[in-house]
Structures are given as C-alpha cells and as structure tokens.
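Visitor: TrEMBL lists these features:
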DOMAIN    6-147  domain 'MARVEL'
DOMAIN    152-285  domain 'MARVEL'
TRANSMEM  12-30  transmembrane segment
TRANSMEM  50-72  transmembrane segment
TRANSMEM  84-108  transmembrane segment
TRANSMEM  120-137  transmembrane segment
TRANSMEM  157-175  transmembrane segment
TRANSMEM  187-207  transmembrane segment
TRANSMEM  227-248  transmembrane segment
TRANSMEM  260-279  transmembrane segment
Amino acid sequence: MPLVVLHTSQLLWVRVAALLFTCVAFSVAAHGASLSNGCASGSCPSMSDWCIFCWAFSFTCTLLVLLVELFGLQARAPVSWTNFPITVACYGALLCLSASIIFPLFFLRGQSYSSEARDHRIVSTVFSCLATVAYLGEVSLSKARPGEVTGYMATTPGLLKVCQTFVACVIFMLVSDPVSYDRHPALKWCMAVYCICFILSMAVVVLCVGECTGLLPVPFSKFLSAYGLLAAVMYLTATIIWPVFQFGKQSGGPASDKSITASVFTALNFLLYVADLAYNARLVFVSA
C-alpha cells in the first residue's frame, strides 16, 4: 500500500482552498439555486451547464492532483508532474473566472425568484470568486522564477498557451450559437484561423504535459518559433477581417452582441500570440 505523505506548504493550502471553494460553488448551485427558471436570458440552460462544468471540472482535476501528491505517486503518473499541476491551476483559474462573470450576469440580474434561490446563487458566485483567487495564487506560487529550471508549462510562454486555448474555446461558443461565420468566405477563414491555432496550441500543451516533445521531427524551440509567427500573422488577419465582415456593409444586417464579443476576444488572442512570439524570440535570439 502506498505511504501517505503530507507535507504542509502554501501550495498545499491554496489547492485545498480551491478544492473546497469549487465544491461549495457547484454543490450549492446544483442543490437549491433553481437554475432552470428565473433567469435573465433564454441562453440560461447552456450557461448554467457551463458554470457547473467549470466548477466540477476544476474540482475533479484539483482532487486528482492532491491525491497523487498525498500518496506520493508523482513518479508513476503518466504525465509530467512539473507541467500538469500548474496547467490544471491555470485552466482552473480561467474556468472559475468565466463562471464568476457569467453566473451573476445570467442568474442574479433583474429577475424575480425566491429568496432561498437567490441566496444560493449569491453563495455560488462568492465561492466561485474565491476559487478564482485560490487558483491564481497557485499559479503564482508554481510559476517559474528567473533562472529556475522547471517545466515549460510553468513558464510565461507555457501559461500563454493555456490562455490562448481558453480564449479560443470562448470564441467557439460565441460564433457557433447562433452560427455567425457562414455568411461570407472571409468569415469562414476566420473560423479556420481559430481552429488551426487552437489545435496547435492545444497540441503544445498536450506534448508538454505528456512529455512527448521529443517526438517532433524538429527541435521544440524551432517549432514554437515557427508556429508562434504563423499564429500571430493568422490572428492578425482574423482581427481585421472579422469586424469588417460582421459590422461593415458586407454583413447584410446588424451585428449581434455575441459577434461584437467574439471580435474583442479575437483581438485579445492576437495580443496573446504576439506576447508569446516576443517571448520565444527573446529566448531564441537574446539567449543565443
């Protein structure tokens, strides 16, 4: 039987806090928040499912990390333990942040419902915010310091990859319900940009977490530089094309709130890819 080893540290306590906060958030929301009625929009069922998923997924992954470290099974884990926990923490922070914004926006704004359901929704919102802070604290504690040798996902470029994939997922949700990229070939190009860059960024995350970067036919650093430049250029075109064909004369109608939000997130992801490219250029050229 594995020996249970428990070393107290700041990192342990922020993980335990994140575990408890996410557990409370989704338990209270599912138990008495009455999410099926009294919502501020017709999109409430999908939004409630998304928030519950954010909390439950973060809780499950954090519990897995704690159990592996509790029983000292890091060496037996099929993933890189220098990359996996901080990747989980970064995704947890982004997921809980999105739930902390979406949940009160859709379930606490301008609707009449019982005081008990309202109290449950407020509690879920508060604990979602606390979980976000806990995950941000874990990322801050786990992030690589200057001169420290650690996994790629603990570095700034690695964390940027996580942010890129998350923002892309948000864009997918915005442009697919209702579908807003099929009105013009230029908008289909933007969708292709989102998909290609998401797949490549997620591939980098999976390769690093799975310790499979050696399987690439080219050096990992060169792959990152080439991909970073390609993705930045592609997102630049999408940042220009999406608003032109959604809001201009070519659109054929008024732009929806989701299209406007998708345009903002496209620009945000472009900035993330530019920052990623700048870090990669600094590592390749300045370090050399």
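The backbone N, Cα and C atoms fix where each Cβ goes, and this holds for glycine too.
Note that the structure is a prediction, hence the values are computed from the model and not measured.
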Visitor: I need to check the long-range neighbours of the transmembrane segment (84-108): which residues 6 or more away from its ends have a CB within less than 8 Å of a CB in the stretch?
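Guide: Apart from its flanks, the transmembrane segment (84-108) reaches 15, 18, 22, 25, 29, 33, 35, 38-41, 43-44, 47-48, 50-51, 53-55, 57-58, 61-62, 64-65, 77, 118, 121-122, 124-125, 128-129, 131-132, 135-136, 138-139, 142-143, 151, 153-154, 158-159, 162-163, 166, 170, 205, 208-209.
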Visitor: Determine which residues of the chain contact the transmembrane segment (120-137) at the Cβ level, with the cut-off under 8 Å and only residues 6 or more beyond its ends counted.
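Guide: Contacts of the transmembrane segment (120-137) (Cβ under 8 Å, skipping residues fewer than 6 from its ends): 14-15, 17-18, 21-22, 24-26, 28-29, 31-34, 51, 54-55, 58, 89-90, 92-93, 96-97, 99-100, 103-104, 107-108.
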Visitor: Other than its close neighbours in sequence, what residues sit by the transmembrane segment (50-72), given a CB gap under 8 Å and a spacing of at least six beyond its ends?
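Guide: Counting only partners 6 or more residues beyond its ends, the transmembrane segment (50-72) has Cβ contacts under 8 Å with 2-6, 12, 15-16, 18-19, 22-23, 25-26, 29-30, 81, 84-85, 88-89, 91-92, 95-96, 98-99, 102-103, 124, 128, 131, 135, 173.
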